[in-house]
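Quick notes on the structure that follows.
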Amino acid sequence: MSECKKEEGMKFDILKAVAGDGATARLGRLVLPKRQAVETPNFFTITSRGVVPHLTPDTIARYCQFPGAYLAMEDSAAKIPAQDGKRLHAFTALPSSSITILGPRRTPAVKASIGNSDTFIQIFTSNGFQPLTNPSYIASITNLKPDIAIPLADMHYVAAAITSPQAKGVRRMCERTEDWMSELHKSLDLADLRASNTSIFAPTLPAPHSVQWEYLGRLSGDLLDKLSGLAVYDVDILPDLSSYPSLLPLPRLSLDVPLNPHEILRQVSLGIDIFLVPFLNAVSDAGVAMSFTFPPPPAAPQGETTTTTADGTDLLPLGIDLTEAEHATALAPLTEGCTCHACTTHHRAYLHHLLNAREMLAWTLLQLHNHHIMTQFFNGVRTSLAAGAEQFEEDCRAFGRAYEPSLPVGMGTRPRARGYHFKSGHAAERRNKVTWKLLQEGQTTKQGMEDVVAVLEEKLARDQMETPVVPGDEVDAAELVREGLGQVDIERRE
């Protein structure tokens, strides 16, 4: 068992490496001061504007088991509290046992309209794109005191995905990130860092090892004393970390966005310890209940729809679209055998009704269910790893044979999209449907107002009220008050 620890602050113990010290799956335990211990591999949920979508803090404390949450600096750049000594927990009302991770941008991030510079990156706030300088971000880390902080990196995004720029841009990305890491290292005092219980996870970049080797060398050398982990933007760099023995014991947080559980298993096999899973919130918004388990069941659950491949293999779906008409009268739980709050107290027909009615409770119940499924998925991964390398590899192959390669898109109407979550392109279709419109095709606004007045007059006459809809110029306000304006005659209404 290898161990990475400091005199104070975060501890990460590698309990078992499946196949040596290189790019391999490993079991671990992450312990941060005053927080619950985290068994790894594991996942952290992703917040929006400081909250987990559709879930209140009391609901999280009562029904959810995820160990922490990721928060983006661009979500709260305009609302940073004063330096009152309170931690990020007080700002977000997360349970005190939850671990908070602060990063500069959301995951996945929206592509900036202009690129980064040598002194700042572009972040997408509720007021549009704004520059975030490294000193300003360092000050926010000192003020907010997250449990884990991810420093600035010169990242490039296309269509909400990380991409590698051209050769010259890749080298510039590495140089800027190295300069910003050096500035952070000089600005933060080691004693103050430990006193605040903040751990720094240095970014590794989506660049070939031949380009960022010098940057990785600095991380493993003179910058190492203030580092507690690595934030990995591209998991393909993990095999090359074997050249830096001092970086191997550090915990690894993946910012390489997985699109489905198959990609999560691949990243686990490469040695990732902590995951952010953006598709969790996305499938809940789409009205999809995730239905996979690890290891997969020996046979398809009774009544579950399967997909037949060209070679005659029946594949199980990774999720169930509850907006489909077949669930309108289905009294089965969202997933057979699931013990979450949504499955033990409700059924598919109820969720189908809530989604069609656009009730907020629908997305709350789906979030509870999908987070529970992901919690059980990682429990299964850790159990399989504990059984050995051969068992884990066999379980991964069985999972690939049992389930469809991607999650269902979901045909349900999403919750109202917010402008800080996406940037519309040229001639892009409206994300939000128009809610209010004229009652009849071709109806003019003036005619519409006349109809409204007519309806009000009819209602007032029916209720035997004497107050006119629109008082004339000759009507005195005092006279209206004497006649009982705004008062209801109970005897007359009876």
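Residue numbers in this text run from 1 along the chain shown.
Using N, Cα and C of the backbone, Cβ positions are placed for all residues, glycine too.
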Site-mate of C338, C340, C343 for Zn(2+) in TrEMBL, selected among H327, H353, H369, H371: H369
Zn(2+) site shell beyond C338, C340, C343, H369, criterion: Cβ within 8 Å of Cβ centroid: A289, P333, L334, T335, T339, H341, A342, T344, L368, H372, I373
Reduced DSSP assignment, C340 (Zn(2+) binding site): coil
Residue among binding-site residues C338, C340, C343, H369 with least C-beta crowding, 10 angstrom cut-off: C338
